[in-house]
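What TrEMBL annotates here:
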BINDING   His2  Ni(2+) binding site
BINDING   Cys73, Cys76, Cys89, Cys92  Zn(2+) binding site
Amino acid sequence: MHEMALCESMIEIIEREARDQHFARVRAVWVEIGALSHVEPEAMRFCFSAVAHGGIAADARFEIVSVSGAAWCMSCSKTVPLAQRSAPCPDCGGYQLQVTAGDELRIKELEVD
Ligand SMILES: [Zn+2]
């Protein structure tokens, strides 16, 4: 389950922030998860609480911000919605697509004490 490794590095980022910005507790974490990021939001929630246990973010709320997928279609010369990375352009059926949104996995915001 690669979500576990992702959550571990997320906790590392949070702990580094805590040292730099001198906060002692995290109340909530907002995490952007793109539809094309190959990350299971519920698995992230589960892993985060497992990894955060006993640490600075142990009691933090884990808020998921879903980002839908989008791509630039070279044939249509426009941005089109994309549900899966391997999906064709919904307009022309072509595969000349460049993903422009939906592959993110990042901490958007922290609410801290
Ligand atoms: Zn197209």
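These residue numbers are counts, starting from 1, taken along the chain as shown.
Note: Cβ is positioned from N, Cα and C throughout, glycine not excepted.
Given the structure is predicted, the values throughout are model-derived calculations rather than measurements.
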Pairwise Cα distance for Cys76 (Zn(2+) binding site)/His2 (Ni(2+) binding site) [Å, integer]:
35
What are the other residues, in sequence order, whose C-beta lies within 8 angstroms of the center of the C-beta atoms of Cys73, Cys76, Cys89, Cys92 at the Zn(2+) site?
Met74, Ser75, Lys78, Val80, Pro90, Asp91, Gly93, Gly94, Gln96, Leu97
Any same-chain residues 6+ apart from Cys73 (Zn(2+) binding site) with CB under 8 Å of its CB? Would you list them in sequence order, or say none?
Thr79, Val80, Cys89, Asp91, Cys92, Gly94, Gln96, Leu97
Taking the Cβ of His2 (Ni(2+) binding site) as the reference point, list residues of the same chain whose Cβ is under 8 angstroms away and which are at least six residues distant in sequence.
His38, Val39
Let me know the most crowded of the binding-site residues, choosing from Cys89, Cys92 and counting other Cβ atoms within 10 Å.
Cys89
By a simple count, how many Cβ atoms lie within 10 Å of the Cβ of Cys76 (Zn(2+) binding site), its own Cβ left out?
15
Reduced DSSP assignment, Cys73 (Zn(2+) binding site):
strand
